[in-house]
Amino acid sequence: MMSYGYQQTPIVAPPAKFQALWFYSFYTQIQHQQLHEMSAWFRSIDKDRSGSISAMELQHLHVGYGPLGIETATKLIRVFDVDKSGQIDFYEYAALHQFINILYANFLANDRNRSGTIDAQEIHRALGTSGFNLPFNTVNLLFLKASPRGYGLKFSDFLGLCASIAIARSLFEAHDRMRTGVAHLNVNHIYDIISLV
(Lines of atoms letter the chains of each structure in order from A and count residues from 1; the text may use other names and numbers.)
(Lines give C-alpha, C1' and ligand atoms only; values in the text may rest on other atoms or scores of the structure.)
Protein backbone atom coordinates (compact mmCIF):
# COMPACT_ATOMS: atom_id res chain seq x y z
CA MET A 1 0.00 0.00 0.00
CA MET A 2 1.37 3.43 -0.93
CA SER A 3 1.29 6.41 1.37
CA TYR A 4 1.15 9.92 0.01
CA GLY A 5 1.46 11.70 3.35
CA TYR A 6 4.22 14.10 4.29
CA GLN A 7 7.28 12.33 5.64
CA GLN A 8 9.44 14.12 8.15
CA THR A 9 13.17 13.89 7.67
CA PRO A 10 14.67 12.02 10.63
CA ILE A 11 16.79 14.19 12.90
CA VAL A 12 20.07 12.54 13.89
CA ALA A 13 21.49 13.12 17.38
CA PRO A 14 24.04 15.94 17.53
CA PRO A 15 27.76 15.11 17.59
CA ALA A 16 29.50 14.59 20.95
CA LYS A 17 31.53 17.82 20.68
CA PHE A 18 28.26 19.77 20.43
CA GLN A 19 26.90 18.05 23.53
CA ALA A 20 29.83 19.41 25.59
CA LEU A 21 28.96 23.07 24.91
CA TRP A 22 27.15 25.37 27.36
CA PHE A 23 24.27 25.94 24.93
CA TYR A 24 23.57 22.23 24.36
CA SER A 25 21.00 22.48 27.16
CA PHE A 26 18.92 24.74 24.90
CA TYR A 27 18.89 22.02 22.23
CA THR A 28 17.71 19.40 24.73
CA GLN A 29 14.66 21.52 25.60
CA ILE A 30 13.25 21.38 22.07
CA GLN A 31 10.21 19.17 21.52
CA HIS A 32 10.38 16.65 18.66
CA GLN A 33 7.73 18.45 16.54
CA GLN A 34 9.48 21.80 17.07
CA LEU A 35 12.73 20.25 15.93
CA HIS A 36 11.11 19.16 12.66
CA GLU A 37 9.64 22.64 12.14
CA MET A 38 13.06 24.19 12.76
CA SER A 39 14.61 21.71 10.35
CA ALA A 40 12.12 22.67 7.61
CA TRP A 41 12.85 26.39 8.11
CA PHE A 42 16.60 25.73 8.15
CA ARG A 43 16.44 23.77 4.89
CA SER A 44 14.32 26.49 3.26
CA ILE A 45 16.85 29.19 4.14
CA ASP A 46 19.93 27.08 3.25
CA LYS A 47 19.68 28.00 -0.43
CA ASP A 48 22.98 26.44 -1.48
CA ARG A 49 22.21 23.19 0.41
CA SER A 50 25.57 23.37 2.19
CA GLY A 51 24.10 22.21 5.50
CA SER A 52 24.95 25.53 7.14
CA ILE A 53 23.67 29.10 7.12
CA SER A 54 25.34 32.49 7.45
CA ALA A 55 24.27 35.70 9.13
CA MET A 56 22.98 36.89 5.74
CA GLU A 57 20.53 33.97 5.73
CA LEU A 58 19.77 34.03 9.47
CA GLN A 59 18.84 37.72 9.48
CA HIS A 60 15.45 36.80 7.97
CA LEU A 61 14.37 34.77 11.01
CA HIS A 62 11.27 36.42 12.55
CA VAL A 63 11.17 36.63 16.32
CA GLY A 64 8.22 38.27 18.01
CA TYR A 65 8.90 41.78 16.76
CA GLY A 66 10.13 41.07 13.22
CA PRO A 67 13.28 39.85 11.46
CA LEU A 68 16.54 39.66 13.42
CA GLY A 69 18.51 41.96 11.15
CA ILE A 70 22.13 41.56 10.12
CA GLU A 71 23.80 42.98 13.27
CA THR A 72 21.98 40.69 15.70
CA ALA A 73 22.25 37.71 13.33
CA THR A 74 26.03 38.25 13.13
CA LYS A 75 26.34 38.34 16.93
CA LEU A 76 24.25 35.20 17.29
CA ILE A 77 26.32 33.37 14.68
CA ARG A 78 29.44 34.26 16.72
CA VAL A 79 27.87 32.70 19.80
CA PHE A 80 26.75 29.42 18.26
CA ASP A 81 29.40 28.89 15.55
CA VAL A 82 31.43 26.10 17.16
CA ASP A 83 34.04 25.73 14.41
CA LYS A 84 34.33 29.51 13.82
CA SER A 85 33.51 29.13 10.11
CA GLY A 86 31.16 32.13 10.11
CA GLN A 87 28.22 29.77 9.60
CA ILE A 88 26.11 27.48 11.76
CA ASP A 89 24.87 23.97 11.09
CA PHE A 90 21.40 22.73 11.98
CA TYR A 91 22.26 21.72 15.56
CA GLU A 92 23.83 25.10 16.26
CA TYR A 93 20.82 26.78 14.65
CA ALA A 94 18.32 24.76 16.71
CA ALA A 95 20.11 25.72 19.96
CA LEU A 96 20.22 29.36 18.78
CA HIS A 97 16.50 29.31 17.95
CA GLN A 98 15.61 27.88 21.36
CA PHE A 99 17.90 30.45 23.01
CA ILE A 100 15.89 33.21 21.29
CA ASN A 101 12.57 31.59 22.28
CA ILE A 102 13.64 31.45 25.93
CA LEU A 103 14.90 35.04 25.90
CA TYR A 104 11.65 36.23 24.31
CA ALA A 105 9.53 34.41 26.90
CA ASN A 106 11.67 35.83 29.73
CA PHE A 107 11.51 39.31 28.21
CA LEU A 108 7.70 39.17 28.10
CA ALA A 109 7.49 37.72 31.63
CA ASN A 110 9.63 40.56 33.01
CA ASP A 111 7.93 43.37 31.09
CA ARG A 112 5.31 43.56 33.82
CA ASN A 113 3.81 46.89 32.77
CA ARG A 114 3.59 45.69 29.12
CA SER A 115 5.43 48.77 27.88
CA GLY A 116 7.44 46.78 25.34
CA THR A 117 10.65 47.68 27.16
CA ILE A 118 12.44 46.43 30.25
CA ASP A 119 14.60 48.37 32.71
CA ALA A 120 17.80 47.31 34.50
CA GLN A 121 15.96 45.47 37.32
CA GLU A 122 13.78 43.60 34.83
CA ILE A 123 16.81 42.80 32.66
CA HIS A 124 18.62 41.41 35.71
CA ARG A 125 15.69 39.09 36.44
CA ALA A 126 15.29 38.08 32.78
CA LEU A 127 19.01 37.30 32.48
CA GLY A 128 18.93 35.19 35.64
CA THR A 129 15.99 33.11 34.43
CA SER A 130 17.78 32.74 31.07
CA GLY A 131 20.87 31.23 32.70
CA PHE A 132 23.07 34.35 32.90
CA ASN A 133 23.70 35.04 36.57
CA LEU A 134 25.44 38.40 36.51
CA PRO A 135 25.77 40.82 39.42
CA PHE A 136 23.26 43.66 39.26
CA ASN A 137 26.05 46.26 38.99
CA THR A 138 27.30 44.58 35.81
CA VAL A 139 23.77 44.40 34.39
CA ASN A 140 23.22 48.07 35.20
CA LEU A 141 26.44 49.04 33.38
CA LEU A 142 25.37 46.99 30.34
CA PHE A 143 21.90 48.56 30.51
CA LEU A 144 23.30 52.10 30.61
CA LYS A 145 25.59 51.31 27.68
CA ALA A 146 22.64 50.00 25.63
CA SER A 147 20.21 52.69 26.82
CA PRO A 148 22.20 55.80 27.82
CA ARG A 149 19.04 57.72 28.73
CA GLY A 150 17.72 54.82 30.78
CA TYR A 151 14.43 54.49 28.89
CA GLY A 152 14.54 50.71 28.75
CA LEU A 153 15.39 48.10 26.16
CA LYS A 154 13.08 46.74 23.47
CA PHE A 155 13.36 43.02 22.76
CA SER A 156 15.72 43.57 19.83
CA ASP A 157 18.08 45.51 22.11
CA PHE A 158 17.74 42.91 24.87
CA LEU A 159 18.54 40.13 22.38
CA GLY A 160 21.65 42.01 21.22
CA LEU A 161 22.72 42.49 24.85
CA CYS A 162 22.24 38.78 25.57
CA ALA A 163 24.16 37.87 22.42
CA SER A 164 27.08 40.02 23.60
CA ILE A 165 27.04 38.32 27.01
CA ALA A 166 26.84 34.91 25.35
CA ILE A 167 29.79 35.73 23.07
CA ALA A 168 31.87 36.67 26.11
CA ARG A 169 30.77 33.47 27.84
CA SER A 170 31.67 31.31 24.82
CA LEU A 171 35.08 32.97 24.47
CA PHE A 172 35.77 32.59 28.18
CA GLU A 173 34.72 28.93 28.20
CA ALA A 174 37.15 28.23 25.37
CA HIS A 175 39.86 28.96 27.99
CA ASP A 176 38.04 27.28 30.89
CA ARG A 177 38.11 23.73 29.61
CA MET A 178 37.51 22.22 33.07
CA ARG A 179 34.41 24.43 33.57
CA THR A 180 35.64 25.74 36.92
CA GLY A 181 34.80 29.37 36.25
CA VAL A 182 38.51 30.20 36.26
CA ALA A 183 40.68 30.69 33.18
CA HIS A 184 44.18 31.89 32.48
CA LEU A 185 43.90 34.80 30.04
CA ASN A 186 46.61 37.07 28.78
CA VAL A 187 46.04 40.60 27.52
CA ASN A 188 45.69 39.38 23.91
CA HIS A 189 42.83 37.09 24.94
CA ILE A 190 41.12 40.08 26.56
CA TYR A 191 41.58 42.10 23.36
CA ASP A 192 40.05 39.23 21.38
CA ILE A 193 37.03 39.14 23.68
CA ILE A 194 36.57 42.91 23.49
CA SER A 195 36.85 42.92 19.70
CA LEU A 196 34.22 40.20 19.28
CA VAL A 197 31.73 41.46 21.84
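Sequential numbering from 1, following the chain as shown.
Every residue gets a Cβ built from N, Cα and C, even glycine.
Marked as Ca(2+) 1 binding site by Swiss-Prot: Asp46, Asp48, Ser50, Ser52, Glu57. Under the heading Ca(2+) 2 binding site, Swiss-Prot lists Asp81, Asp83, Ser85, Gln87, Glu92, citing sequence analysis as support. If you look up Swiss-Prot, you'll see Asp111, Asn113, Ser115, Thr117, Glu122 marked as Ca(2+) 3 binding site, on the strength of sequence analysis. Feature annotation from Swiss-Prot assigns domain 'EF-hand 1' to 33-67; the stated evidence is sequence analysis. The annotation domain 'EF-hand 2' is assigned in Swiss-Prot to 68-103. As annotated by Swiss-Prot, domain 'EF-hand 3' applies to 111-133.
Swiss-Prot feature annotations superimposed on the structure.
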{"residue": "Asp46", "record": "Ca(2+) 1 binding site", "CB count, 10 Å": "18"}
{"residue": "Asp48", "record": "Ca(2+) 1 binding site", "CB count, 10 Å": "9"}
{"residue": "Ser50", "record": "Ca(2+) 1 binding site", "CB count, 10 Å": "10"}
{"residue": "Ser52", "record": "Ca(2+) 1 binding site", "CB count, 10 Å": "19"}
{"residue": "Asp81", "record": "Ca(2+) 2 binding site", "CB count, 10 Å": "19"}
{"residue": "Asp83", "record": "Ca(2+) 2 binding site", "CB count, 10 Å": "11"}
{"residue": "Ser85", "record": "Ca(2+) 2 binding site", "CB count, 10 Å": "11"}
{"residue": "Gln87", "record": "Ca(2+) 2 binding site", "CB count, 10 Å": "20"}
{"residue": "Ser115", "record": "Ca(2+) 3 binding site", "CB count, 10 Å": "12"}
{"residue": "Thr117", "record": "Ca(2+) 3 binding site", "CB count, 10 Å": "18"}
Using other CB atoms within 10 angstroms as the count, which residue among the binding-site residues Asp111, Glu122 scores least?
Asp111
Spatially, and counting Cα to Cα, which of the binding-site residues is closest to Ser85 (Ca(2+) 2 binding site)? Options: Asp46, Ser50, Thr117.
Ser50
Compared by Cα position, which of the binding-site residues Asp48, Glu57, Gln87 is the closest one to Thr117 (Ca(2+) 3 binding site)?
Glu57
Spatial neighbours, same chain, of Glu57 (Ca(2+) 1 binding site) - Cβ under 8 Å, 6+ residues apart
Ile45, Asp46, Lys47
If you count other CB atoms within 10 A of each CB, which of Glu92, Asn113 wins among these binding-site residues?
Glu92
Whole-number Å distance between the CA of Glu122 (Ca(2+) 3 binding site) and the CA of Glu92 (Ca(2+) 2 binding site)?
28
DSSP-derived structure type at Gln87 (Ca(2+) 2 binding site), helix or strand or else coil
strand
Tell me whether Ser52 (Ca(2+) 1 binding site) sits in a helix, a strand or coil according to DSSP.
strand
Provide the three-state secondary structure of Asp46 (Ca(2+) 1 binding site) computed with DSSP.
coil
